[in-house]
Amino acid sequence: LAQSLFALFASSLAISLVFAIIPLCHNVVVLAVVMAVAGLAMGCIDTISNMQLVKIYQKDSAIFLQALHFFVGFGALLSPLIADPFLSDTNCILSNSTANASSNLPHIRKSLVPHHPGNLSHYDLPMKGMVVTRVSYAFWIMALINLPVPIAVFFLLYKERMVPCFNSSSHPLLSADELAMETRPTEKDDLSTTVQRPHAAGGHDDLFSCCQSKNFRGASYTYFAVHITGALVLFMTDGIVGEYSGFVYSYAVEEPLSVVHKVAGYLPSLFWAFITLGRLISIPVSYRMKPATMVFINVVGVLLTFLLLLIFSYSVVFLFVGTASLGLFLSSTFPSMLAYTEDILQYKGCATTVLVTGAGIGEMVLQLLVGSIIHDQGSYSFLVCGMIFGGLAFIFYAFLLFFHRMYPKPSSDMDEASPDKPAVMDDTGQYQR
């Protein structure tokens with residue numbers, strides 16, 4: 001826990017520093033390095049927050065994972081609204097022809113469509129002069145908004161007596177958390193034995209336990225198959241999130257739809273709004289419905305939505321309806337898949353790390369792939385790619401269900417345990433209800 005909290009503190013503080021530095025980068029190489037640091041920090045936060053929720057709450061983690069990812073979507077929805085007031089409709093380069101360029105800007109925008117620029121030779125575009133922009137304020141505001149996060153993490157470290165300089169007068173916060181107590185020893189257990197016997201079989205003992213070969217000794221092929229198929233499902237579904245939000249605008253403004261640019265600009269916002277709404281709805285739903293059922297509904301819903309988008313590809317109205325539907329079905333896929341896979345592995349594998357990595361790679365790779373295909377084959381291939389990715393996600397999920405049936409059952413079923421039953425340490429050192 002201490003390693004994870006220190007990593008969260010450093011990563012969240014790095015994000016505030018990066019956002020403050022971005023407007024000061026006047027070289028593309030420096031900007032690339034700064035953005036790489038931001039990506040590394042966000043990846044650490046994504047992995048550690050998911051991993052710790054699964055470790056602390058285990059079979060109760062589905063609800064908390066849904067809440068976590070609701071705030072991910074909520075932040076993605078709010079951040080463009082924060083930046084929007086600082087995006088100018090006028091030219092940012094001051095020169096003698098600024099006035100003409102500013103008045104021509106709406107006409108220039110209408111003549112530009114992705115990959116097919118119109119004739120701009122009759123527009124006067126100044127390329128030299130003093131650059132004036134207000135977008136820097138958006139980055140600095142985001143840096144300030146994020147600053148309370150590392151402060152809160154440091155406060156948690158302080159209250160848990162994990163800060164070397166301040167570990168004498170504070171009282172722990174987590175001792176009163178009943179759900180967290182499920183993973184801690186009871187009063188009858190010998191604490192010294194617990195310290196001497198770390199959770200050797202668990203995959204969440206420290207940040208690097210997944211890399212230790214001793215965790216793989218004697219593991220069946222289904223152990224690895226569950227990890228791989230779960231990661232492949234998220235590779236496809238998170239890849240769809242990235243490619244759809246990134247290219248739905250380009251698809252809408254080109255033929256045959258030819259949507260007005262300003263109207264098409266609402267599509268990514270609509271997509272993220274329904275992802276956020278879906279994650280909010282999934283919080284109470286996950287309390288009643290099993291993660292495996294939720295993932296099945298999500299994958300089938302994505303496949304059917306892309307099929308209908310292909311059938312009604314000439315309908316602008318259905319493009320908006322399909323975008324909203326796709327956002328709803330994709331919203332809870334990641335947290336539900338994470339809870340389901342960890343449940344299969346009895347919370348002793350490296351599923352969280354593998355799944356987060358697979359999802360991140362999919363979001364990166366599929367955007368590059370779809371972008372190159374659209375450039376070569378036209379905008380219609382955008383929906384065809386989505387349909388193919390949705391079909392592959394369904395196939396990989398079917399394989400996951402198959403390997404779940406083949407995976408060896410635990411000796412004692414945690415599902416049948418009473419919630420009032422005290423924690424008991426099994427022979428692997430894991431505390432269970």
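Counting starts with 1 at the first residue shown.
Cβ atoms here come from the backbone N, Cα and C positions, even for glycine.
Features of the protein shown, as given by TrEMBL:
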- 411-433: region 'Disordered' (REGION)
- 30-49: transmembrane segment (TRANSMEM)
- 61-82: transmembrane segment (TRANSMEM)
- 137-158: transmembrane segment (TRANSMEM)
- 221-241: transmembrane segment (TRANSMEM)
- 263-281: transmembrane segment (TRANSMEM)
- 293-312: transmembrane segment (TRANSMEM)
- 318-340: transmembrane segment (TRANSMEM)
- 352-374: transmembrane segment (TRANSMEM)
- 380-403: transmembrane segment (TRANSMEM)
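Looking at which of 30-49, 61-82, 293-312, 318-340, 352-374 has the most CB pairs under 8 Å to the transmembrane segment (263-281), the answer is the stretch 318-340.
Under 8 Å from some Cβ of the transmembrane segment (293-312) lie the Cβ atoms of residues 233, 237, 240, 282, 285-286, 318-319, 322, 325-326, 328-333, 336-337, 340, 383-384, 386-387, 390-391, 393-394, 397, all in the same chain and six or more residues away from its ends. Most Cβ pairs under 8 A with the transmembrane segment (30-49) among the ranges 61-82, 221-241, 352-374 are made by 352-374.
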